[in-house]
Amino acid sequence: MATAAAASASEAEAEPKAGPKAEGEEVEAKEARTRRKVLSRAVATATYKTVGPEWDQQEEGLSINVYDYNCHVDLIRLLRLEGELTKVRMARQKMSEIFPLTEELWLEWLHDEISMALDGLDREHVYDLFEKAVKDYICPNIWLEYGQYSVGGIGQKGGLEKVRSVFERALSSVGLHMTKGLAIWEAYREFESAIVEAARPIAGFLSPFDREQTFDSQLEKVHSLFRRQLAIPLYDMEATFAEYEEWSEDPIPESVIQNYNKALQQLEKYKPYEEALLQAEAPRLAEYQAYIDFEMKIGDPARIQLVFERALVENCLVPDLWIRYSQYLDRQLKVKDLVLSVHSRAVRNCPWTVALWSRYLLAMERHGVDHRVISVTFEKALSAGFIQATDYVEIWQAYLDYLRRRVDFKQDSSKELEELRSAFARALEYLKQEVEERFSESGDPSCLIMQNWARIEVNVSDTLSVSSPFEGPLSDSVTEAESGSQARLCNNMQKARELWDSIMTKGNAKYANMWLEYYNLERAHGDTQHCRKALHRAVQCTSDYPEHVCEVLLTMERTEGTLEDWDIAVQKTETRLARVNEQRIKAAEKEAALAQQEEEKVEQRKRARAEKKALKKKKKTRGSDKSKADEDDEKEWGDDEEEQPSKRRRVENSVPPAGEAEPGPEARPGLCGGSAPAAAEPPSEQQEQRAAARRRDAPRVPHDSSKDGVTVFVSNLPYGLREPATTLRPLFEACGDVVEVRPIFSNRGDFRGYCYVEFKEEAVALRALELDRQTIEGRPMFVSPCVDKSKNPDFKVFRYSTALEKHKLFVSGLPFSCTKEELEEICKAHGTVKDIRLVTNRAGKPKGLAYVEYENESQASQAVLKMDGMTIKENVIKVAISNPPQRKAPEKPEARKAPGGAMVPRQIYGARGKGRTQLSLLPRALQRPSATAAQAENGPAPPLPATEVPKMSNADFAKLLLRK
């Protein structure tokens, strides 16, 4: 290389006349060097992202696990462009260990390796690569390439058997594929036919015996392939049958024709599903689901397996499809290699789905896989990167259940039992350190793992404490054995109590059900003393249902305790319930005080608005043509509205009524009865005032609830919207025929921001709901079904899901200036973005929040890792999986808690809300205090005795009214 460069340099010096050409070549060389430097930097960046900073250390540099699919693909592409074939092979090997590769990636890898294969060892390496490729997904093209490549090694030892073995495996894998299986059959037939044609010239020189052993047997192989293919429903079967008739020297047997006709009938049944797949666009999940349902009804295991595999090629990131496939194999086929292979592929494709890992562990246990292999698989599950804290609890629970089933509890101590106990301890430590640090919660608030550990310790005790059946001379030894068992029982029960103490210290002591669970454990496996101790602690700590815990304590003392125990229990329960009632009364009083403060604040705001109105009225300069009566009239109307009458909104229907002509300038008297002054109001404002007066005086038309099905309710419209009906009608007519647009106006005739839109058909009303959140003059319009809230008080319209959505992200902390397009540009770098919704308030202003929906869970989890903490326009955003908090149910208006704890009816107000006066019109002498009955100790309050009210005459009423 150096001598060549020196030679080229000397030639350049020896030929000075070729200056322009040399300069052009120098520029091209410089550009090539620049491109190479840029490519090298890109390779280094992709390598660092994929395998870490130690790439040059060969295998040690590949030890870093990075679950970024796109980085691996980019690295392989850049290394191929740079020509680093050794590093390309390493990068592909690393990627294949973490991810299953697509058909395109495998074919590209195989073609590169085939082009570099020189000898038999290289060919064996390519064979191994083909074996890995056909395990990821069902790929007819890879099988076809495998068969054709194996034909090239037919001259080697065992080459012919190798070719036939590959083709037979290909037929069992994809031979039933109706659209792509034909190519495999034809390639196999062509190979066998080529052998027949090669043997035909020498067939005439062979003895009858040799001819039968060689040529005739080879001819029978081709016949067999034709017959097997014609018995399977495949596309273009007619051409195959015609080819068989032309090729065969003998007539086709009747049995073959019958199988062929039967396959044609089956083909007609499958064609609708195949055509649906051909017409639909990828990933065609719904079409594949329908195809799977059809095959499941028929029940052919081979075809069911094939259609599942075809569906998974395009829907490999759909966990539910993997779960359904593996469930079918677990329950129906139960073939060990096949079942475990599918489970392994499932967790490689969807490692973030805990259900797939749990099923994998169960399948390995079911088929007797070695314990070390199961433990390694569990460790891989822990490093898979689940997106919820509860997922880690679930996988730990599955592994602990497996370890528990390995233990022989009849033995005093065993290696399996110690391993189970250490696994429980490790699980608690893992949830505390790893999970809680990442998710700010352990995922196990009820301490289910601790509870299971305590139960298992008790089971160990019970197994060891079974009494001996021997009697007679061995009674002494039996007594010793029983005492030893009892000692072991106490030790194990002590461990269970320690676990329950830890459970209670984690915030569970206030729940009655946790204490009762502990009490039942002591009741079944402990003693009365510890039961009593647990219930005494429960009485002091329980805050949700203390009455129930007190009742359990009193019941136990009533059946088993002494008089002293009963007295202590009664005293503790009475003291505790009195304290609870006192706390409830204080809480109710505090709530009432807060409600009163809120009402006072509302009154203060009303007074402030009234004072502000009065101040504005004083400052306003009125026109000379305003009379005193008009001012009084405006004040009267202004008492019921928040805005003063002079600031009338521009509303619709500003044309005066028919027959009423608008007076001209000469008909408008001034202050002195002359011509109109120069400061008179413009005609348009007068028209609006008349329109508002006309709306104000128009009769109110009540809403017809019988038309709710064809009516939608439109709200959050701008109050200053001119002519709402005229503006909204074209918008809703795009959905269908509109009968009426009925805007709602206030007593002053001003638009109140909402209206009813009635359609001719219910289907049109349903289509109109899609206009929800459309912007009208910069404000989002709310469109919802028309429902009578008095009849359906719990009805709530919310078009978005409030449950956990693993493929959707919640983004907070966005700058208010961030647009949907800018956010989409950032998010699409981590996957396919299906939808982005910026959250706004009722005025259409952004709130700095957004929901981003990705195509699948994998892309969403990758986006969380990459975008959380990112800075956008000097704002640090937070990104998490969408899991909105539970919406609080509104308090029922039928009843509420009184300060004393009793339930009293809540006052129901009319349609206009709370009235202006809350005075009672009943004389105080006739009012009776509402005495609430004393609540029973552990049950409902006893009913009050019915007392008959004495009849009173008019004279008695007069005396009561006049009495002071």
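Note: Cβ is positioned from N, Cα and C throughout, glycine not excepted.
Predicted automatically and left uncurated, TrEMBL annotations should be read as such.
Straight from TrEMBL, the features:
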type     : residues : note
COMPBIAS : 1-13     : compositional bias 'Low complexity'
REGION   : 1-33     : region 'Disordered'
COMPBIAS : 14-32    : compositional bias 'Basic and acidic residues'
COMPBIAS : 594-605  : compositional bias 'Basic and acidic residues'
REGION   : 594-709  : region 'Disordered'
COMPBIAS : 606-621  : compositional bias 'Basic residues'
COMPBIAS : 630-643  : compositional bias 'Acidic residues'
COMPBIAS : 656-690  : compositional bias 'Low complexity'
COMPBIAS : 694-707  : compositional bias 'Basic and acidic residues'
DOMAIN   : 710-788  : domain 'RRM'
DOMAIN   : 807-884  : domain 'RRM'
REGION   : 883-906  : region 'Disordered'
COMPBIAS : 888-897  : compositional bias 'Basic and acidic residues'
REGION   : 918-953  : region 'Disordered'
> What is the number of residues in the domain 'RRM' (807-884) that are helix, strand and coil, as DSSP sees it?
Replying inline: 22 helix, 32 strand, 24 coil
> Over the domain 'RRM' (710-788), what is the model's mean pLDDT?
Replying inline: 88
> By DSSP, how many residues in the compositional bias 'Basic and acidic residues' (594-605) are helix, how many strand, and how many coil?
Replying inline: 12 helix, 0 strand, 0 coil
>> Treating G and I as helix alongside H, and B as strand alongside E, what does DSSP give for the domain 'RRM' (710-788) in helix, strand and coil?
In response: 21 helix, 32 strand, 26 coil
>> Per DSSP, what is the helix/strand/coil residue tally across the compositional bias 'Basic residues' (606-621)?
In response: 14 helix, 0 strand, 2 coil
